[in-house]
Amino acid sequence: MIESNLLVLTLVIPILTAILLIFIGKRPIIKRYVALVGTLLTLVIALINLKNVLRDGPIKVELGSWKAPYSIVFVVDIFSALLIITSIIITILVILYSYRSIGLDRERHYYYFSIMFMLIGIIGSFTTGDIFNLFVFFEVFLMSSYCLLVIGTTKIQLQETIKYILVNVVSSSFFVMGVAVLYSVVGTLNLAHISERLSQLSVHDSGLVNIVFILFIFVFATKAGVFPMYVWLPGAYYAPPVAIITFFGALLTKVGVYAIARTLSLFFNNTVSFSHYVILFLALLTIIFGCIGAIAYYDTKKIILYNIMIAVGVILVGIAMMNESGMTGAIYYTLHDMLVKASLFLLIGVMYKITKTTDLRHFGGLIKGYPILGWTFFIAALSLAGIPPFSGFYGKFYIVRATFEKGFYLSGIIVLLSSLIVLYSVIRIFLKGFFGEVEGYTLSKKVNVKYLTTIAVASTVITVIFGLSADTLFPIIKDGAETFVDPSQYIHSVLGGK
């Protein structure tokens, strides 16, 4: 009972924090600390939840005094617990970074409120046990993201927000259609119950299941920024301030990735044989087009944004394999990418603060005035590229191993080659931005970026610790992968369990 209450608290605390932020009014200093304390409390509860999951297996809570599959169910397993903890850590870093970067005008209004509600939507998406509430939590974090995109009301923000809203309204409509078709086939919305019902379907209903798969893959691939539904991502994520880009780039696409992994495991593991091939095909195209974008631009933000696409593609290759190696690599690489992308965006934000530009052709020589910033970026770049012993190596190694175990040798080779493109793209930023002639800033008039650099360095240190802790983490992550490869444990914990 206590464990169930703790699971609910990961949603209740951010909700109460958001409500309190409304009543505080236009007092940004107080809002800063309320948002920070609320997020720290949520992190403590999330860590306790992880400890309970490691001890007892997946934990569920049923709301409304009804039993599953008729109740509203929230479930946390190892993967969702790790995603929640990582999301909260990144939220804390973004809040701290915002103190000196986002501006008092934004802070006075609904900035921290929107961050809290986006965190609610993300945590809810990772823990909900039914498909309709997944839609609800998607809408919660999407509406919060709309608010964050327009805060500041610059022309480019408004332009990109309109596109972003349009794309997501269309995908949300398809989501509702998919839920309706699925319910007409199986008569339930509970994820675990849907899995059981789909395994009992006759061949006659397989056509409708194919339609459901197409609808869901369109929706989740759009959220994750998968080719060809990625077109909104570079513009929408480029427009807002760096603190918001960090929040979006590190977290939002991973919600779509998680939804693909969970539904593929529960709904389509055995029912739709071509589903894994479709996801693999889209994943490889996403990697290829992400690589093209990463080397085509001189803008530092766009280079990292296209690296988001590459990472999403690599993760989906592991998910498409749906074996122990593939899912272990996908889980580890997802957590790694969330942390390292946050680090890189925060570092680029510091570089922008100094030079007032993100165009590599217009600045250089930063290492002379800001050596700590430069070498921290170098470490984050190596981690992103997957150079051992940093965290990017281990997840990618398991994903490539999974492709070879399944006989998808070309897929494994594409993943390996993408590492070279990633390394080239980020080392280009390092060499052009930090070496060469001093340009874009005055060496004798250094900009005070100590606070922002400290937050960015802290973020990178967390990434490095994550990589160096691989031996400790992998047994845990392998247990989390088993829930996807063999979802019976998840199903039992929801329908038969605790």
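Including glycine, each Cβ sits where the backbone N, Cα and C put it.
Copied from Swiss-Prot, the annotated features are:
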| type | residues | note |
| --- | --- | --- |
| TRANSMEM | 34-54 | transmembrane segment |
| TRANSMEM | 72-92 | transmembrane segment |
| TRANSMEM | 109-129 | transmembrane segment |
| TRANSMEM | 174-194 | transmembrane segment |
| TRANSMEM | 211-231 | transmembrane segment |
| TRANSMEM | 232-252 | transmembrane segment |
| TRANSMEM | 277-297 | transmembrane segment |
| TRANSMEM | 303-323 | transmembrane segment |
| TRANSMEM | 331-351 | transmembrane segment |
| TRANSMEM | 370-390 | transmembrane segment |
| TRANSMEM | 407-427 | transmembrane segment |
| TRANSMEM | 457-477 | transmembrane segment |
In the same chain, which residue numbers or ranges, 6 or more beyond the ends of the transmembrane segment (72-92), come under 8 angstroms Cβ to Cβ?
7-8, 10-11, 36, 39-40, 42-43, 46-47, 49-50, 53-54, 57-64, 66, 115, 119, 122-124, 126-130, 133, 190, 246-247, 250-251, 254, 258, 261, 331, 334-335, 338-339, 342, 462, 476-477, 479-481, 483-484, 490, 493-494
Should anything in the same chain at least six residues away from the transmembrane segment (457-477) have a Cβ under 8 Å from its Cβ atoms, list it; otherwise answer none.
54, 78, 82, 89, 93, 328, 331-332, 335-336, 339-340, 342-343, 346-347, 372, 376, 379-380, 383, 389-394
Is the number of Cβ-Cβ pairs under 8 Å between the transmembrane segment (109-129) and the transmembrane segment (407-427) three or more, considering only pairs separated by 6 or more positions?
no
Any contact between the transmembrane segment (211-231) and the transmembrane segment (303-323), i.e. 3 or more CB pairs below 8 Å with pairs at least 6 residues apart?
yes
Compare 34-54, 174-194, 232-252, 303-323, 407-427 by their Cβ pairs under 8 Å to the transmembrane segment (331-351) and return the stretch that comes out on top.
232-252
For the transmembrane segment (232-252): best-contacting stretch of 174-194, 277-297, 303-323, by Cβ pairs under 8 Å:
303-323
How about the transmembrane segment (407-427) and the transmembrane segment (174-194): at least 3 CB pairs under 8 Å, pairs 6 or more apart in sequence, or not?
no
Close approaches to the transmembrane segment (303-323) from elsewhere in its chain (Cβ under 8 angstroms; 6 or more beyond its ends):
224-227, 230, 233-234, 237-238, 249, 253, 257, 260-261, 264-265, 269, 276-277, 279-280, 282-294, 296-297, 329-330, 333-334, 337, 341, 344-345, 348, 384, 395-396, 398-399, 402-403, 405-406, 408, 411, 415, 418, 421-422, 425-426, 428-429, 484-485
Residues of the parent chain within Cβ reach of the transmembrane segment (277-297), under 8 Å, 6 or more residues beyond its termini:
213, 217, 221, 225-228, 230, 234, 260, 264, 303, 305-317, 319-321, 408, 411, 414-415, 418, 421-422, 424-425
